[in-house]
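Worksheet: one structure, shown below.
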């Protein structure tokens, strides 16, 4: 897809640029506990400020449901944002109206201002064109730098793109280019790892992927449902037995498209789900009635390693086992390290996303070695489902 970036925006000196960022950060009291999202804003905000623009940051924080709520005011993160950006940040306690316009006029070229929480206004989440028109009066240009909110058609993520010349910020650009390389126009063979507890939450992802990838690696609790559909007794493992027919449909679709589905040949089982219980590593055919599958076994990991070695592109969403409890993190860590090594060697483009996935890659210590790790959550999942994202669609040139 073609979209305009900051390279296309032209001279912004003295111009007012409304920039949508994702600043929805976790807090403990008045302390930001994870500033990843604040840091993602640095390239776009500082580039525009250095070019002399008046940078007006729009963002949401929490779920105030269309009502002002001091607990969710963006004033609370102004100082943390200033610290990350390395420059002063003004605060304007509105997103529209005369007082906000006067505050914007008073800013010097190159200044950065954080506007109030967009979700304090009922029209934001309804994508109200009247609110979009009011907010647009504050700006000359609109930049969307928040891929993580791109699956929402809100005023600040979609509506403004129809009221002002619209561009993708640097973080948005980086995300879109990485996703295009992973599934849009990838280098084949393409492998996808899809894990997590339930098939039901990733049905659309699986259906989309069988038509796009050469190898589909199934892990986590959802692998149990796939195994059960093939007649394997999975004991008391987490399993959606009622979805066996649906899974058979996915197998049939994969056969038509030539996509090979990989399921574990051996597994790690325990009788209870807790840290370091007695475990057995066994072929999938040997699971006892009182045992549950909690990780993929070493033979399966070795086979999957060969799949990655033969692939050129990898898309990863979801862990292979119950990685949050040792020792059921071993398969995820081993395969993640292999993917990272192949990426560093230049033989694999690796793109990963989703909350559990990011946590698993950080746990394995390899997130920095993947080609791209998306922190976008819902937007990343909808992209994997093949859905059109309103915030991205609105930026198309």
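FYI, residue positions are counted from 1 along the chain as it appears here.
Every residue, even glycine, has its Cβ placed from backbone N, Cα and C.
Taken residue by residue with DSSP, residue 62 (substrate binding site) is part of neither helix nor strand, so it is coil. Less than 8 angstroms from the CB of residue 62 (substrate binding site) sit 24, 69, 71, 72, 117, 119, each of them six or more residues away in the same chain. Annotated substrate binding site per Swiss-Prot: 22, 23, 24, 37, 60, 61, 62, 63, 119, 152, in sequence order.
Cβ-based neighbour count (10 Å, all protein chains) for residue 324 (ATP binding site) stands at 14. According to DSSP, residue 324 (ATP binding site) sits in a coil region rather than a helix or strand. Per Swiss-Prot, the feature ATP binding site maps to 202, 324, 354, 355, 356, 357.
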- For residue 202 (ATP binding site) and residue 22 (substrate binding site), determine the Cα separation and express it in whole Å. 25
- residue 22 (substrate binding site) and residue 324 (ATP binding site), distance between Cα atoms, whole Å: 27
- Comparing local Cβ density (other Cβ atoms within 10 Å) for the binding-site residues 354, 355 points to 354
- Task: Compare the C-alpha of residue 60 (substrate binding site) with the C-alpha of each of the binding-site residues 354, 356, 357, and give the closest one.
- Result: 354
- Query: Which state, by DSSP, holds residue 119 (substrate binding site): helix, strand or coil?
  - Reply: helix
- In whole Å, note down how far the CA of residue 355 (ATP binding site) lies from the CA of residue 22 (substrate binding site). 15
